[in-house]
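Checked TrEMBL, it gives:
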type	residues	note
DOMAIN	29-116	domain 'Pyrroline-5-carboxylate reductase catalytic N-terminal'
DOMAIN	258-401	domain 'Ferric oxidoreductase'
REGION	1-26	region 'Disordered'
TRANSMEM	211-229	transmembrane segment
TRANSMEM	259-280	transmembrane segment
TRANSMEM	301-318	transmembrane segment
TRANSMEM	356-376	transmembrane segment
TRANSMEM	388-408	transmembrane segment
TRANSMEM	428-450	transmembrane segment
Amino acid sequence: MSRGDMAKPLLGHRSMEGDPDSTPAASRTIGVLGSGDFARSLAIRLVCSGFKVVVGSRNPKRKASLFPSAAEVTFQAEAVKKTDIIFVAVFREHYSTLCDLADVLAGKILVDVSNNTEINHHKESNAEYLASLFPACTVVKGFNVVSAWTLQSGARDGNKQVLICSNNQEAKRTVAEIAQLMGFTPVDMGCMSSACEIENIPLRLLPAWKIPIFLALGLFLCFFTYNLIRQVIHPYIREQKNKLYKIPIEVVNTTLPCVAYVMLSLVYLPGVLAACLQLYHGTKYRRFPDWLDQWLQHRKQIGLLSFFCAALHAVYSFCLPMRRSHRYQLIETAVKQAVEKKMNVWVEEEVWRMEIYISVGIIALGLLSLLAITSLPSIANSLNWREFSFIQSTLGFIALVISTLHTLTYGWSRAFDENQYKFYLPPTYTLTLLVPCTVILAKVIFNLPCIQQRLLRIRRGWEKGRYVKFVLPSATGEYSSGETSSNV
């Protein structure tokens, strides 16, 4: 769902006790036309919510056993006569089969719950098409963004929002009350012209994840190719050694931390750019460029993908000693040491480097796990804003710093070893340090008192060049007003 959808107001909820015209749930009868999966789930949810349910089916005897015993299953014409609110749970292509019921349906509220198979598959929405077939009825679009599983399991196990639109306000209010009594949160999406937008929502495949996923795949391909050249192609050309066996594990395991590290830094880089723009313009009321605004909105997804790559890196690293090639290399190394009669091969520096490297990596992964967990809506809703900001901002930046230490410890003195430059290409980890170190340096600069205070004033509403009124006491004790620039 787009950001604008979430900003639309909720439908007002009328008190069932204070409104004499409202019908208690236990005595209200709801009709359902259709006998598919969604119709069955809808009937179950309505019955559990205290409604009387009558289901209209073309073959009630065969379908009756599929519905709860409390629901009455009868022919469509009989079901329509017993209620004024009817959920139309049939496909668009079957709407025409209901035309024989046009006279009986006149004056009733039809709730269209259908979806299309493709985005904008038809010129008009399903709800608008249904309204054109039954002009004497009031059509309301709703419940199409709720899955059959959510209806059966209850709102607590799925999305609680039910998007509703119609040209009739009273009909929308009635359907909204039903949704609230079922445990859902109705969201007013306006008039019937919004039905097309509502019907497209369930068809979108991870709309907020497309850019982050393509970004992660792009980084993975770039680093994978770079590592392939250094670890496989270089030994083959220079030493005629076949290192293709490294591709499934070693090359991938060298690529994953690079992607995770850069993606983590890209979570905090847009905040740095936004702060630079605010300092440059001297105001927080100037709109960011569209690319930066989109970047800021995708930080959550970028961070979760960073955690995913880091977790895969940990699993791959854990599996490295299990490879057959690793065992052969250990045996080969042991044989060489025996031939050379080396009794003590302990290198203190390498031991400390690996101990610190692994320890810092575990801490970084732990912090990334905490960031990923607190980004889940169920966990984030249990935190106040200060707690959430502390974890996502402060601890997130600490995770970036520790990840940088993890990378530096891995490199140690290798960056100065000429043997590490294959085809004159620097080691991969040196390339990954560019963006994170830029972010860390910028954060340090922004924490300098002179810059931090100015940025804090801007974010509290101060603007460069804006004149503000002030009041000064005169010599007689009276107060006089004047103006000055907030830039002073």
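Count begins at 1; order follows the chain as displayed.
Here the Cβ of each residue, glycine as well, is placed from N, Cα and C on the backbone.
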I'd like the per-state residue tally for the domain 'Ferric oxidoreductase' (258-401) from DSSP, helix first, then strand, then coil.
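Summed by class, the stretch gives 120 helix, 0 strand, 24 coil.
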Check the transmembrane segment (301-318) against the transmembrane segment (211-229) for contact, please; criterion is three or more CB pairs under 8 Å, pairs 6 or more apart in sequence.
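With 3 or more qualifying Cβ pairs, these stretches touch.
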Can you name the far-off residues of the same chain, 6+ from the ends of the transmembrane segment (356-376), with a Cβ under 8 Å from a Cβ of it?
260, 264, 300, 303-304, 306-307, 310-311, 314, 383, 388, 391-392, 395-396, 398-399, 402-403, 405-406, 409-410
Considering only Cβ pairs within less than 8 angstroms, which of the stretches 211-229, 388-408, 428-450 has the most against the transmembrane segment (259-280)?
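Comparing 211-229, 388-408, 428-450 against the transmembrane segment (259-280), the winner is 428-450.
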Excluding the flanking five residues on each side, which residues at least 6 beyond the ends of the transmembrane segment (428-450) place their CB within less than 8 Å of a CB in that stretch?
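Residues 223, 226-227, 230, 254-255, 257-258, 261-262, 264-266, 268-269, 272, 275-276, 397, 400-401, 403-404, 407-408, 410-411, 415 contact the transmembrane segment (428-450) from elsewhere in the chain.
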Could you put numbers on the helix, strand and coil content of the domain 'Pyrroline-5-carboxylate reductase catalytic N-terminal' (29-116), residue by residue per DSSP?
39 helix, 23 strand, 26 coil
If I take every residue in the domain 'Pyrroline-5-carboxylate reductase catalytic N-terminal' (29-116) and average their pLDDT values, what number comes out?
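Over the domain 'Pyrroline-5-carboxylate reductase catalytic N-terminal' (29-116), the predicted model scores a mean pLDDT of 93.
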